[in-house]
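Enquirer: Mind having a look at this structure? Questions to follow.
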Amino acid sequence: MSAIYNFCAGPAMLPAAVMKKAQQELLDWNGQGVSVMEISHRSKEFIALTEQAESDLRELMQIPANYHVLFMHGGGRGQFSAVVNNFLGEQGKALYLVSGQWSSAALAEAQKLAGEAQIDSLNIVEKHNGLNAVVLPDLHKIDADYRYVHYCPNETVDGIEIFDELDSPWPIVADLSSTIMSREIDVSRYGLIYAGAQKNIGPSGLSIVIVRDDMLKLPSLPQSSIMDYRLAVEHDSMFNTPPTFAWYLAAEVFAWLKSTGGISSIAKINQQKAQMLYQCIDGNAFYRNGVVAANRSQMNVTFQLVNEALDGEFLKQAQIAGLVALKGHRIVGGMRASLYNAMPLDGIVALVKFMNEFAAKHS
């Protein structure tokens, strides 16, 4: 069978080695004679798995000791509401930086739940010569007492990524769903990091939360117990039955990433993959990208065919060539190639070859 390269934005492809291992031990995990999907989440064997998963993630991301690592339900959208309910209180204030679709969605959820609390927002994307560009504000010049400032460093729909570290006088809450472990960051700069698992961690249904200890002292709002960070910490992410199979696969992905050299190693590969694809787009008048070079996403490369009438044929021929899930988000259209950690360099080589051949044929 010819290789299939899955460019889906999420749920995304998983490392081939992880998938093969999961396949091999699906019916008999760890010598238990049953699947990991069937074993008790409170068994000593599964507890050992969760402890190893947290240890590996802490090592990979260099997470300081004063941070808790939580494995929770609900994905990224679940965390939109959890952040508000856990930190805002009845009279709190929060600032949301808007750079695209997902930060806009987080803002909308905060506004819906805030009640008497105050939610402010700043649009940080401007047009520079017709291209989208991020302009980070000087937050130290804002006279306000915010509980936190929320932002999304990578917008998967818009193909926008913020590489500069945010400098804030208030705790930073970051949605890292699409960039977690794709490049190195300084975790100590953040009050809370959350990430839906279905891009760089594992299957959908799981979210990772990395929260600094002092954030748990902020006033909270009434909320569902399963989204209460304090309860999650108290019960080691097992206040209720967790998504065990997703947790198992996340543990395997962490182990795989360590075996490949860790985040510093994968970051170099990710940069190389993105550069190859953007060079193809920029070097051919057949394609275009709408983001300034400094803010082009390494994880989600968006592009359009200058002749949009060829979109359908492009996707059809790409599918035949084994290049799947290249259709852009329904909101913005065009094309999108998601280059998460599991996407091998060979996938980009194949995509660039196809794009060049398609352009030559239809120019």
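Cβ atoms are placed via backbone N, Cα and C, with glycine included.
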Enquirer: Figure out which of Gln52, Gln198, Gln223 sits with Gly76, Arg77, Trp102, Thr156, Asp175, Asn240, Thr241 in the pyridoxal 5'-phosphate site per Swiss-Prot.
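Expert: Record source Swiss-Prot; matching candidate: Gln198.
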Enquirer: Could you give the Cα-Cα distance between Arg42 (L-glutamate binding site) and Asn240 (pyridoxal 5'-phosphate binding site), in whole Å?
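Expert: So the Cα of Asn240 (pyridoxal 5'-phosphate binding site) lies 11 Å away from that of Arg42 (L-glutamate binding site).
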Enquirer: How many angstrom lie between the most widely spaced Cα atoms of the pyridoxal 5'-phosphate binders Gly76, Arg77, Trp102, Thr156, Asp175, Gln198, Asn240, Thr241?
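Expert: If we measure all Cα pairs in Gly76, Arg77, Trp102, Thr156, Asp175, Gln198, Asn240, Thr241, the largest is 31 Å.
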Enquirer: Tell me, by DSSP, whether Thr156 (pyridoxal 5'-phosphate binding site) is helix, strand or coil?
Expert: coil
Enquirer: Between the Cα atoms of Asp175 (pyridoxal 5'-phosphate binding site) and Lys199 (N6-(pyridoxal phosphate)lysine), what distance do you get, rounded to the nearest Å?
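Expert: Counting only the Cα atoms, the answer is 13 Å.
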